[in-house]
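> Swiss-Prot feature annotations, pasted as is:
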- 258: active site (ACT_SITE)
- 287: active site (ACT_SITE)
- 305: active site, proton donor (ACT_SITE)
- 177, 178, 197, 256, 257, 258, 282, 305, 306, 307, 308: NAD(+) binding site (BINDING)
- 482-554: domain 'ACT' (DOMAIN)
């Protein structure tokens, strides 16, 4: 992939621009606030270009008081960089998270202020993978309880008879970098590998040595289940009473990814009733872990979020993020910006209005497609077809496509690489003959669940409009919560959907129907004020005339 367009920082989105920044540095040393414990090697890198103040344990109010004097903040997981802090940081140019997750940073607020947010997506990969494997082995061989027993001067060999992992089935939920490394080591240990990841191709799974299956089969067949997925609305409480009931009574669950993916109360019930064989958890819905019955069970291992807590990982993430902060303060690109692409000012001026459009359409077709995606086609239409450097738009579309599955792990720098690793073929086409708008984008996602497409354009005031979905003409702005229905164009169907939504207390903000012929197929696009409650989408698909329904979050 040609990354020439990344050689200049997106100064069009930043304030001040590069020349002003360099003049600023000639007279005044930049200042960096380090608000959490960071390895000294990272601080030393920052000191090459800035005055560094290490102030840990500050409250939000305390940070708000001092942040106006800083050009950058470097943090780990303890500090919460809220919208209020960002608004107070009038000089902030970059916020760096020494780790993978950026859920403790208000990224949209930072983006609105033109502040770059960076992370270290690979710095703790090995540490997190090894911790998951260690938890699996500790669970299989009762190591924590056996250790405690011997230290109490006991010798209870029969009580701690374990199980081998050799020839057992490991179910890996999420085959990103961490999940793939876990799978590779487990394969070397002689384990059979099942995996679920809707964004991984079978070819990539074959390279890792996994058999791709659906979640139901994975849950029912696996002896050990390890989770390596971000927390999203779709993955929250993925492990719940219903999914636990599908597992073997000897199944053991390992979660070293994100808290909130497991319904902890349901897990307590499953452990208490011997519905599953055990669990090893490094992350929790609320941290630090408060009152919890999980502490009561000998077959539950708990650690205090140690996935990235190795000397090597702490050095890796500190160096990675400190170097990016240094580079941005010098007017250079950040290699792992999660919110802003690295564009030169002239390219940014032309394409900036369309980046959000491309990302929005990518998010839309990704959610409509649902299953694993094999191909993404991005067509630049009208005036956009004349741009020679259109690569940023393609990357923005990929970022949107993968955003629901990967969240903070996908950014403008790594989006194309993430797509390639998942076996997604990206095709760019151009069609200057389309003149419905001065410039528009058409995206088509093809995968295991079929093919879905969407077209969008910008109004003269810069507002985004979705102009067709699955080749049905519409004209609607994107909304946080949206519902799309494919149905037969017939009297009464709109009223039925409206009544059904109303019965669940879901308010409709706007609605539009697109059709090609009278009484033929049609699509309904509804913007909602509220997310759909559990079970409502299924009820909608039961309405006579409804052929399919999709809920989308934009």
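Using N, Cα and C of the backbone, Cβ positions are placed for all residues, glycine too.
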> Just name the winner among 197, 287 (the recorded positions) by count of other CB atoms within 10 A of its CB.
197
> My understanding is the cutoff is Cβ-Cβ under 8 Å with a sequence separation of 6 or more in the same chain; which residues meet that for residue 177 (NAD(+) binding site)?
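Looking at Cβ-Cβ distances below 8 Å from residue 177 (NAD(+) binding site), excluding near sequence neighbours, one finds 121, 122, 125.
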> On the DSSP side of things, how many residues of the domain 'ACT' (482-554) fall into helix, strand and coil, could you say?
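Breakdown, helix to coil: 17 helix, 31 strand, 25 coil.
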> What is the biggest Cα to Cα gap, in Å, among 177, 178, 197, 256, 257, 258, 282, 305, 306, 307, 308, the residues listed as binding NAD(+)?
24
> Please report the DSSP secondary structure of residue 258 (active site), reduced to three states.
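It is coil.
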> Under 8 Å between C-beta atoms and at least six apart in sequence, can you list the same-chain neighbours of residue 282 (NAD(+) binding site), or say none if there are none?
131, 132, 135, 255, 256, 302, 303, 304, 305, 306, 307
> Can you tell me how many other Cβ atoms are located within 10 Å of the Cβ belonging to residue 305 (active site, proton donor)?
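Step by step: centre on the Cβ of residue 305 (active site, proton donor), count other Cβ atoms within 10 Å, giving 17.
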> To the nearest whole angstrom, state the Cα distance for the pair residue 197 (NAD(+) binding site) and residue 287 (active site).
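Checking the Cα atoms of residue 197 (NAD(+) binding site) and residue 287 (active site) gives a distance of 27 Å.
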> For residue 306 (NAD(+) binding site), just count the other CB atoms lying within 10 A of its CB, please.
15
> Suppose you look only at the domain 'ACT' (482-554); what would the mean pLDDT be?
94
> Can you count the other CB atoms that lie within 10 A of the CB of residue 258 (active site)?
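24, counting other Cβ atoms within 10 Å of residue 258 (active site).
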> Looking only at C-alpha atoms, tell me how far residue 258 (active site) is from residue 287 (active site), rounded to the nearest Å.
11
